[in-house]
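Colleague: Pasting a structure here, questions to come.
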């Protein structure tokens, strides 16, 4: 009787292999679940970081697009304003020309006020002392050039003008090339042989021509004289 109790007790205390497997399986399942959970967490963190990065980039691109749109709007506005100003200016200019033509009528003058006409040219005699280069610039400001003598008749006409006082000297547009010694007008053409300076100054400096009492003479270009400007007459009024 006592031996049976001991045997029964031993049978009760020794665990079976099936029970042992049941106890070990939960620990194995728990380890695999942890690995899966960790991988899922890493993937989620990666997706979250990617989403944040893409969100930042999208915000930056959106800001650049908005900035470019604002610049385009400003440029369009400036262009519209410029176009409107040009139209307004053109309209005002055309209206002014129309009013001028209506008021002038038959009073069309081929030369500006106080200029003297001869054929297709207008002349103005400046009675102030200037060097040749300075007088050339003064004529350019008037839309003209220094007087170019194309014929004896033209020189006689200029000499007959009452403003050309006897004895005064007036620069004209002829000068001597320092290398070749040839004479040229401002436009690059050469004077006629009978219109070359009669009295020629010999000097190391540049030599230019001036008119005195119907005679063309040469002198140093840095000397001071009066001068005569010439421009084309208005073709519609000739």
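Including glycine, each Cβ sits where the backbone N, Cα and C put it.
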Colleague: From the ranges 5-10, 11-16, grab the one Swiss-Prot calls motif 'ITAM-like'.
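Modeller: Of the candidate stretches, Swiss-Prot labels 5-10 as motif 'ITAM-like'.
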Colleague: For which of the residue intervals 36-56, 57-77 does Swiss-Prot record transmembrane segment?
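Modeller: It is 36-56 that Swiss-Prot describes as transmembrane segment.
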Colleague: Sort the residues of the domain 'C-type lectin' (118-230) into helix, strand and coil with DSSP and give the three counts.
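Modeller: Residue counts in helix, strand and coil order: 22 helix, 42 strand, 49 coil.
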Colleague: Around the Cβ of residue 81 (N-linked glycosylation site), how many other Cβ atoms lie within 10 Å? Please give the count over every shown protein chain.
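Modeller: The answer is 10 other Cβ atoms.
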Colleague: Across the topological domain 'Extracellular' (57-238), what is the average pLDDT of the model, as a whole number?
Modeller: 84
Colleague: By CA-CA distance, flag whichever of 81, 133, 139, 208, 221 among the recorded positions is nearest to residue 111 (disulfide bond).
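Modeller: For residue 111 (disulfide bond), the spatially nearest of the recorded positions is 139.
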Colleague: Given the recorded positions 122, 133, 139, 208, and counting only Cβ atoms in the protein chains shown, which has the most within 10 Å of its Cβ?
Modeller: 208
